[in-house]
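Report on the structure given below.
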Amino acid sequence: MANVLLLSILACSLLAAVVSTAAAGNFNNDFDITWGDGRAKILNNGQLLTLSLDKASGSGFQSKSEYLFGKIDMQIKLVPGNSAGTVTAYYLSSQGPTHDEIDFEFLGNLSGDPYTLHTNVFTQGKGNREMQFKLWFDPTKDFHTYSVIWIPRQIIFMVDGTPIRVFRNLETRGVAFPKSQAMRIYSSLWNADDWATRGGLIKTDWNNAPFTASYRSFNANACVWIGGGSRCSGAGTWMDYEMDVTSQKRMSSVQSNYMIYNYCTDRKRFPQGLPTECTIN
């Protein structure tokens, strides 16, 4: 059964890649390069964006628009080879001390080792909701689609169309949920060799610089925040999204086979009791 589910995940991945390519945005229109002193570049008439990192600096970009709910897709090809010590961050975030945030972070590796995908959700400035996965493919060989479905009742993290994590709206049980702060999309490539690879034991090898990550096929079926209100596109398809039985099985398979850390099972970290959302089925 596990093999059948994994084959299904791979088939879904291929389909997602095709669909995302068909609905690509334009980086010139949708994003601003915010830092890096020329290390970030928009190429191919806005169809490709690259971030680079060397010993002097990393680089980053952010969306021109803010969003309040939506389905956000981005295809990313990560830093190849020995990327130990580097972090490619791709996330949605509002601003301020009580900000909300939805995180993908890709922690670099030694050549031949799998990347670690680190996910987190911040609400009202509070995070500590980490789940980590080893990817079941080489994310440096080709582009893969990383998606967030953010709707009022849940947040779903997806890789190539396969859900890997769900954060439900449990406000009625006292758990804060991101629902009122519009967020921009951000991405950056930076040096974090004090913690990123094996807890900081493996340092960045600058002989391999510059390190480069590539982006394409951005798509946002989302509610764009404009002047205190929002304008939504395609809301009939993503706003009502529910995982079917097949999607739930795919997520269960990924979590069983590739999850390497789950804050909801870390009783040593939470000796006074697990967070409320971890105790509700």
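Yeah, the Cβs are placed from backbone N, Cα and C, and that goes for glycine too.
Copied over from TrEMBL:
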{"type": "ACT_SITE", "residues": "Glu101", "note": "active site, nucleophile"}
{"type": "ACT_SITE", "residues": "Glu105", "note": "active site, proton donor"}
{"type": "DOMAIN", "residues": "21-215", "note": "domain 'GH16'"}
{"type": "CARBOHYD", "residues": "Asn109", "note": "N-linked glycosylation site"}
{"type": "SIGNAL", "residues": "1-24", "note": "signal peptide"}
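Ranking the recorded positions Glu101, Glu105, Asn109 by the number of CB atoms within 10 A of their own CB puts Asn109 at the top. Averaged across the domain 'GH16' (21-215), pLDDT in this predicted model comes to 94. Note: the Cα of Asn109 (N-linked glycosylation site) and the Cα of the residue listed as 'active site, nucleophile' are spaced 25 Å from each other.
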